[in-house]
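Engineer: There's a structure below that I have some questions on.
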C-alpha cells in the first residue's frame, strides 16, 4: 500500500532521472524490542533504466549499537535493470530492558548508476518500551457537508480541512497514511484533479503524523476546484490505512465529504468548434489528403438547458447540415467533410443559425481544412512480413488436414502489420521475409541493414547489409538469413535488442512495417489481466482496464461476453462493435446497435451492477512482452492472453434513454412497428392501437382483441425475420380488416397512419415511449449513402439503410484506405521512430510518419546533441582547441584531436621548399593551441622536436618527401 501511495510523484517535484532515485518510505518505524527486529523499505522510484546499487548503514541516536541493536555497516542493496521493487532492510534488536523509548537511524549513501533523494534518505527507528499504547486513529465523523459561500471568488480554490483524531493513548510517534476511496453510489462522485485536489499533491506527503504524547486533532488539507456556476452536489470519500507504532485504526476510518452545489438554472449554452479552451481560443484547423475526409467536432459549453440545434456549412463544396442536442445533452457532436481529388486546397467550415437561445463562439465559430493533393504511386511498398498466430498454429498442429488450410490463410492474411518485436532466446539462423505489395510496376530496390542497439554486431549477431531487388511486375518475397550468435549469457545480463531496417528505396516506398525490432531475452513474460471495467448503458460503452499495456487494435470482440452467473444467461459481443485505445492499459468498446439490442432483450443481463459480469476467452487481445527473459528456445514466444472468469462491474450506469417509434409499415395483413430500442411486450394494449386515414387522426379504427402481437420466432408471410424486440408485428384479425376497409382506412400508403397510446408503452428497461406517437406508412430508403458516409447496415422491408459517418483517423494513425459509399476508411498506426531513427516527416491523419537513420559521428567528430525521435544527431569536429572535458572524452580516439592537442609544431604547406632546416622550423611554428604536422615514421620531427608523436595509421599523414624536406 505504501508503494501505491508513493508513485507516481508529480513532475514538478524533482528532475527525473531514468535510472531512478533511492529513498525510504515510510521514513519512521516503531516496534517494541520483544518482536526482535523491524523491517524498513527502501524504494527505487522515478526510473529503473540500469542496474543500480546503494549502501545502507545504521547510526546511533539514543539507542546504542551492541546494546540495543545489531549494527549495520555498508550493507549493499542491488536492483537489476528494469527492477523497481522495494527491498527490505532488517534491523535486529538485542535483548535489553528499557524503560523509555530509544531511537536509531538508517542512512542511504554511495549510490551507483542512480541518485539518492536527499529529503527521504534516512529512516528513524524507535525501539519502544513495553506496555505502552499508541492510541486509536479515526475520523471525527463518518460524513461531512461543505457549503461554499456564494460570495467566494471562483478563481480561488476553496479550502477544506478534514479532521483526524488520536484517542485513548498518545505513546510514541504515529503516522497514518490516507487516500481517496472510490465511490459506488449516492450523489454524483467528485473527480480527483478535476473537482478537488490535495493541498500537497505529492503522494508520499499523504500522511498524518503525531509526536510522542501528542493527542491533538490533525487535519487533511484539500482544495475544492469545481466552482462552476451550475454544479450540483458532489461527493468524495477519504480512507485511513494501517497506522504505525502499533496504533489501532478505529471507526470511522472512512469519511464521505459532500460539497453542496449552487442549484442554479443552466443556460442553453454556447456552441463552438473543437478548441483547446472555451470562449477565447480559436478553433482547431485540420489537414487532410485529397479524397479523404475530416471529422469536425462541435462542443456545447457554458450551459445545457433545453433542446438546441446549430447549422454548419462548407462554402467551397456547398455541403451543409444541422446538429442537434437534447435537453441536458453536453456531449460533443460531429460531422464529416468529404474531399475529392479535385477539391480546393482550402475549405472553410462555419457554424450558423443556433436555436432556442444558444449562441456561437466568436473565436471558435469557424475553422479551415487544408487539402493536400493525392499522389498516386504504382511501384508499391516494401515491408517486413510476420508469421501470424493462425499460420503458426496450423504449422505446429498435429492434425494432418490442418496443413490444407495454410494456402487459404496465406491468401487472406498478408502478414503485413505494425512492427512487433521478434523475440529470440537461443543462437541460430532466423529467416526474415521482406515483401513488395500494393504495386509492382518497374524494377525496385531497397537497402536492408542491421542497426546496433544494446545488442552489438559481431558479439550478439552477424551484421547484415544487402540490397534487395525486384524485377518489373515481380512481388516475390525476399528471404534474408539472420544469424544470432551464441553470446555469453549470465543470470544478471539484461535483455538486449537491435533492429533490421529498410532504407534507400528506389521506385518503391517504405511501408509502415519497414523496421523489425529483434529482442534477445531470458525469463518469463507477464500476461495482461482485466483489472476493472465500467459499463455505461446510456452511452453504450464498455471501458476495460488491464494490468499491463495491451493493443486495442488486436482486440477480438467476439471473445467478450456479458454473463449473469446466477441465471447463466450470456450475451457474446460481435465484431460489429468497435474497440478504441484510451490509454496504454485501457480500451473502450463502443457497443454496436445489434450487440446493444442483444444485451437489452436478454433477461437478467446488465439490468444493474449485480447482473453485470464480463468474461474474456483465451487470446482476446495481444500485448507487449518486452519484460520477457528466458534461456529456452521458445521461452519468450508471446502466449495468448489467458481466459478470465466472470468479473463484476466496477461502475454501472443504467440505460435512461427513452424509446421512439421509428417506422410504421402496413400491407393489409400485418402492422409492423420498428422502435429505436427493445420494447416490453407486456406493456402493449392492442385496444389502444388505432389505424387512421390521415395525420389529423379523426377517422380512425381501433384494433379488437381478435388481433394479436406475433411472438418473436413465429413464421409469417413476411420476408423479414423477427430477429429482435425492436420490431413488433401485429396480425390484424379479419373482422378488424373489414372495418378498416369499410372506413376507407389503410387502402393506400397515403391513407395509412398508426396511432399508439401516449401512456403505457415502455422499453425493456422501464423507459416510457416518447413522442411522436403517430406515424405514416413509409417505404424503406435503399439509396446510395451520401458523400462522407458509408453503408453500415443494408435496408430491409421494415428499415432504411443505415449510413454512418466515415472514420477520421485519430492521433498517431493515418488512413491506409479511403472511405467509400460501401466501405469505411481503414486506419493504421503510424510507424514509430525508435533505436537510431528520427522523424523526418510528421504523422498526420492522411500520411504516415517517415523515419530516417540518425547521423553517425565519425572518429574525428563528437556528438554535440543526441539523436531523438524528433531531431537528428548533430556532430562537430574534434579538430578544435575549445573542447570541454566531456567533448574531449568523446574525442579520445580522434587522430585530428590528438595531433592538435599534443604535437608542438604546425604542418607546412604541401610543396613548400626551404633551403635550411631553420627556415622550415620558423615557418612551421606552433599555432595558438599547439597544432602541428605528424610524423609518418616512428621518430620525432627535427632536432627541436625529439619526442614528437607519430601517427603512421592516419590517412591524412604524409611523408617528408611530399613537403620537399628531408630531416
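Here the Cβ of each residue, glycine as well, is placed from N, Cα and C on the backbone.
The structure displayed is predicted, hence computed values, not measured ones.
Here TrEMBL flags 1-20 as signal peptide. Annotation source TrEMBL lists repeat 'TNFR-Cys' at 784-827, 832-875. What TrEMBL records for 784-827, 832-875 is domain 'TNFR-Cys'. The disulfide bond annotation in TrEMBL covers 806-819, 809-827, 854-867, 857-875.
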Engineer: Would you list the DSSP helix, strand and coil counts for the residues of the repeat 'TNFR-Cys' (832-875)?
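Structural biologist: Looking at the repeat 'TNFR-Cys' (832-875) with DSSP, the answer is 0 helix, 18 strand, 26 coil.
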Engineer: Six or more residues out from either end of the repeat 'TNFR-Cys' (784-827), which same-chain residues have a Cβ under 8 Å from its Cβ atoms?
Structural biologist: 289, 291-295, 319, 334-338, 512, 580, 593, 662-663, 665, 672, 674, 718-720, 727, 843-848
Engineer: If you count Cβ atoms within 10 Å of the Cβ of residue 819 (disulfide bond), leaving out that atom itself, what do you get?
Structural biologist: 25
Engineer: Work out the three-state DSSP category of residue 806 (disulfide bond).
Structural biologist: coil
Engineer: Measuring Cα to Cα, how far is residue 827 (disulfide bond) from residue 875 (disulfide bond) in Å?
Structural biologist: 37
Engineer: Minimum Cβ neighbour count within 10 Å among the disulfide-bonded residues 806, 867: which residue?
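Structural biologist: 867, out of the disulfide-bonded residues 806, 867, has the fewest neighbouring Cβ atoms within 10 Å.
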Engineer: List, in sequence order, the same-chain residues at least six positions removed whose CB sits under 8 Å from that of residue 809 (disulfide bond)?
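Structural biologist: Long-range Cβ contacts: 815, 825, 827, 845, 846.
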Engineer: Quick check for the class: what is the C-alpha distance, in angstrom and rounded, between residue 854 (disulfide bond) and residue 806 (disulfide bond)?
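Structural biologist: That separation, Cα to Cα, works out to 37 Å.
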Engineer: Which whole-number value in Å describes the distance between the Cα atoms of residue 857 (disulfide bond) and residue 819 (disulfide bond)?
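Structural biologist: Answer for this pair: 45 Å between alpha carbons.
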Engineer: Where does residue 819 (disulfide bond) sit in DSSP terms: helix, strand, or coil?
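Structural biologist: Assignment for residue 819 (disulfide bond) reads coil.
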Engineer: So what sits near residue 875 (disulfide bond) in its own chain, CB-to-CB under 8 Å and at least six residues off in sequence?
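Structural biologist: Spatial neighbours, sequence-distant, of residue 875 (disulfide bond): 855, 857, 858, 861, 862, 863, 864.
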Engineer: Sorry to bug you, but what's the C-alpha spacing from residue 867 (disulfide bond) to residue 806 (disulfide bond), rounded to the closest Å?
Structural biologist: 38
Engineer: Mean pLDDT over the repeat 'TNFR-Cys' (784-827): what is the value?
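Structural biologist: The answer is 85, the mean pLDDT of the model over that range.
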Engineer: Fill in the CA-CA distance, residue 819 (disulfide bond) to residue 867 (disulfide bond), as an integer in Å.
Structural biologist: 37
